[in-house]
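For reference, the structure discussed in these notes is given below.
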Amino acid sequence: MSIPRGGNSGGGSTSLDLTPLLDASNNSDDSDQETGGKSNGGAQLNNSSSVSSKELRSSHRDREREEADAAIFVKKVGSALFYGIASFMITVVNKTVLTSYRFPSFLFLSLGQLTASIIVLGAGKRLRLVTYPPLQRNTFAKIFPLPLIFGFNMIFGLGGTKALSLPMFAALRRFSILMTMLLELKILGVRPTTAVQISVYAMIGGALIAASDDLSFNMQGYTYVMITNALTASNGVFVKKKLDTSEIGKYGLMFYNSLFMFVPALLLNYVTGDLQKAIDFASWNDPAFVVQFLLSCVMGFILSYSTILCTQFNSALTTTIVGCLKNICVTYLGMFIGGDYVFSWLNCIGINISVMASLLYTYVTFRRKQAPDKQAHLPSSRGESV
């Protein structure tokens, strides 16, 4: 573009060429637009990248949460199965030793189980397989009243095993479930769901029906089992409480419970004459009996460990009901083990009602996607739930 300019010399004219300036201006505008476009595109890209990063982090957290939930579920179910198998094995072995071999003293058998726990855990600590705090002056006060509950629960449980047939022993043991549920409500502030309550009441109802027509009724055996029920409920609740509040840990609880109850159990054996009866027993030279006696002693330790493990990963009520759930096998096998079960239709119906209710509770408790916080809890001083 040129603009004409007039002049006096020679009548000629000159022109001013503005094209380079206009081209430079246009190029500058185009450059600004391109820069602005690139800047806006970069901002959109950054925003998109930020959103995508947040989604990835959220997805990663969800995946970690799912993996953690799956691991917890495996621990819950695994510890419950371990406890159920251990409880089943020791019930059958104890019944064989006390009834089939007619071993005269359940008190001496309990002393053997205490001894096995002390030896195994003491050796385990020396070999650094397990750890627990050393004995101190206040150790007993820290775990009280667990040693007393643990010791007498073992003694009366063995007494009930010897005095009753296994089907009736299993049915009556379900009363411990109701006691545990009430103690959890009172001490831990935990209210079970409606489905759990229905299954518990059905188990108790079945046990009452079975007991109403027990043709081999034994008052001493019934008394032992009911004492054991109360002690089992107390043991489950207090183990959970001590594990949550004490630094002693599960191995320490097992070791010191056995250690503190060893001398009282030994004195009780001596005073009642059971120590001499056990020494004079004629079948000590029978290898089969000796193997089962030693197995009973070792299984006592394994049962104690599995009980604490199940209570730690689940709850006191779950531990109690899993212990009764294993009685499905004990109930039916017990009709042939020991030879002291007397069949009647009403008794059999009551036992089966109790078994079906145990299965209902198992379904309610271990549904795969059941959240622990779906239970309704009463206010507690500790503000925690089991």
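Here the Cβ of each residue, glycine as well, is placed from N, Cα and C on the backbone.
Per TrEMBL, the feature compositional bias 'Polar residues' maps to 34-47. Taken from TrEMBL, the feature compositional bias 'Basic and acidic residues' applies to 54-63. Feature annotation from TrEMBL assigns domain 'Sugar phosphate transporter' to 85-361. Residues or ranges marked as region 'Disordered' in TrEMBL: 1-63. For 80-98, 105-124, 144-172, 193-210, 222-239, 251-270, 290-309, 316-337, 343-364, the entry in TrEMBL reads transmembrane segment.
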For the compositional bias 'Basic and acidic residues' (54-63), residues assigned helix / strand / coil by DSSP: 10 helix, 0 strand, 0 coil
Maximum Cβ pairs under 8 Å to the transmembrane segment (193-210) - stretch from the list 80-98, 144-172, 343-364: 343-364
Selection from 105-124, 222-239, 316-337, the stretch that has most Cβ pairs under 8 A to the transmembrane segment (80-98): 316-337
